[in-house]
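J.: Checked TrEMBL, it gives:
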type	residues	note
BINDING	ASP30, LYS35, THR86, THR127, GLU159, LYS271, ARG342	NAD(+) binding site
BINDING	PHE156, LEU157, ARG158, GLU159, LYS212, PHE257, LEU258, ASN259, PRO260, GLY261, GLY265, LYS335	substrate binding site
ACT_SITE	CYS268	active site, nucleophile
DOMAIN	328-430	domain 'UDP-glucose/GDP-mannose dehydrogenase C-terminal'
Amino acid sequence: MQILVIGTGYVGLVAAAGFAEAGHRVLGIDNDAGKIAKIREGVSPIYEPGLDELLARHQASGSLAFSLDLSDGIAAADAAFICVGTPQSEDGSADLQYVLSVAGAIGSAMALRPLDAKPLVVVDKSTVPVGTAARVHAAIAAKTDRPFEVVSNPEFLREGCAIDDFIRPDRVVVGCRTDHAAAVMKGLYGKFLEASGGQWLRMDPPSAELTKYAANAMLALRISFINEIAGLCEKVGADVDFVKQGIGSDHRIGKFFLNPGPGFGGSCFPKDLQALLKVGRENAHPLRALEATVEANRHQKQVLALKVRAHYDCASGAPAPLAGRRFALWGLAFKAHTDDIREAMSMELIDSLASLGARVVVHDFEAMENVKAKLGDRVEYAADFMEACRGADALLIATEWPQYAAADLEKVGGLLKAKVMFDGRNLFRPEAMKAAGWTYHSIGRVTVSQA
Ligand code: UDX
């Protein structure tokens, strides 16, 4: 099949490369000339494992190309994917201006299609509120009387494993009203679904649109729930690792996505929760459990800083116990395997420590450049994660990069002024840390100290 993928951001690039991998002919479109020139040279504007290789291979084979102009490919296209951004507006809702302007451009370019062409399947892949398919339909219909259909096909890609998620989907959700649109979508994804055994879920467009938000909200709710249970574990002397195992082995609950941590971040959960809350308010149906999820996460992002303060308040009794102290911070990205620092808890942690007069030396495997652009010389940048620890009062961990979990803790302890760690990702077991002579704070387990 031949498709257009409009928007070469995160979702668009992964979709373009993924569909090319399935054997389709793909033309990626963006109005940013600099970006298109770079992608054509093989330089991906985003960090995503495996993406560069697919972009290079399929551009070389000719199955994937990029252009500034969607009229280049619309005549022969079976489908056009809208993958442009839906940034958060001030009131929390998703800003649809880019989606609707692409819809208008598709409408104008429809005149280039042969008169006997099958209806163009226009696919909303950007995360959009319920009712957007109807608005996209209206925006295109205002410009053309040639046949087309609008389909909602949300993505469920996780940063860091987006290629794998695309190629081996758990499910493909397709909101459409005609068999023609369903057949085109099945043709596009069929190979992946066959290989992964994933489910094909056909439904109406509003249900597909809501599925995306509901999935993210449900996952966020799970995280906030386990984080709150973790906080309670600390109060009552329980261990969240055991509680997690105990509840996760009930097949109705399941063991995945129950890792307590320093609060969820990223470009999706926080934004999508706000957008869904807005949809609820607009429909006089407040989503109270989600409001609580957001509130719990706001608190959770402070938890590590509160632990640091409590530790040094107790230890020093001085009025400004953090002034002049130096902390090593391992991990800046909102999670491992990405360079993304949007809504990352590390940023709030740095703010809190800096406002109390502490100096922070940071390390991350991918996000250093993004942090340099955002924070400049407000923090120090370590050449490697061991070096960050030299002469620091304590080590803080905000991102679960596997290299940190495999670090030589004896060596780390030797570089720090004292063996004190605040681990926001529970990378180590408290008993082992106690035996190795550490004072170890983590999430939802007893704090071990050498006193
Ligand atoms: C998420 C959804 O998983 C994906 O389906 C959707 O398309 C986009 O949003 P992503 O933002 O890439 O993907 O990250 P994800 O792996 O879901 O993690 C989100 C946040 O939750 C991160 O901050 C992560 O550290 C946190 N998290 C995740 C936990 O704290 N505990 C967990 O058990 C899982």
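Glycine is no exception: its Cβ is also placed from the backbone N, Cα and C atoms.
As the structure is a computational prediction, the values presented were derived from the model and not from experiment.
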J.: Using DSSP, how many residues of the domain 'UDP-glucose/GDP-mannose dehydrogenase C-terminal' (328-430) fall into helix, strand and coil, respectively?
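T.: Tallying H, G and I as helix, E and B as strand, the rest coil: 39 helix, 18 strand, 46 coil.
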J.: Going by DSSP, give the three-state secondary structure for LYS35 (NAD(+) binding site).
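T.: Once the DSSP labels are grouped into three classes, LYS35 (NAD(+) binding site) ends up as helix.
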J.: Do you see any of the binding-site residues ARG158, LEU258, PRO260, GLY265 whose C-alpha is within 10 Å of THR127 (NAD(+) binding site), and which ones?
T.: none
J.: Looking only at ASP30, LYS35, THR86, THR127, GLU159, LYS271, ARG342, which the record lists for NAD(+), tell me the maximum pairwise CA distance in angstrom.
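T.: Per the listed residues, the maximum Cα distance equals 25 Å.
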J.: Return the count of C-beta atoms lying within 10 angstroms of the C-beta of LYS212 (substrate binding site), excluding that atom itself.
T.: 27
J.: Under 6 Å from ligand 1 by Cβ, which binding-site residues from THR86, PHE156, ARG158, GLY265, ARG342?
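T.: Checked binding-site residues vs ligand 1; flagged PHE156, ARG158, GLY265.
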J.: Pop the Cα-Cα gap between THR86 (NAD(+) binding site) and PRO260 (substrate binding site) into the table, whole Å please.
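T.: Rounded to a whole number, the Cα-Cα distance is 29 Å.
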J.: For the substrate binding residues given in the record (PHE156, LEU157, ARG158, GLU159, LYS212, PHE257, LEU258, ASN259, PRO260, GLY261, GLY265, LYS335), what is the largest pairwise C-alpha separation in angstrom?
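T.: Binding-site diameter by Cα atoms for substrate: 23 Å.
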J.: My understanding is the cutoff is Cβ-Cβ under 8 Å with a sequence separation of 6 or more in the same chain; which residues meet that for LEU258 (substrate binding site)?
T.: ARG222, ILE226, LYS244, ILE247, GLY248
J.: Between the Cα atoms of GLU159 (NAD(+) binding site) and the residue listed as 'active site, nucleophile', find the distance and write it as a whole number of Å.
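T.: Checking the Cα atoms of GLU159 (NAD(+) binding site) and the residue listed as 'active site, nucleophile' gives a distance of 10 Å.
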J.: Expressed to the nearest Å, what is the distance separating THR86 (NAD(+) binding site) and CYS268 (active site, nucleophile) at their Cα atoms?
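T.: Computed Cα spacing between THR86 (NAD(+) binding site) and CYS268 (active site, nucleophile) is 11 Å.
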J.: Taking every protein chain in this structure into account, which of the binding-site residues PHE156, GLU159 has the most other Cβ atoms within 10 Å of its Cβ?
T.: GLU159
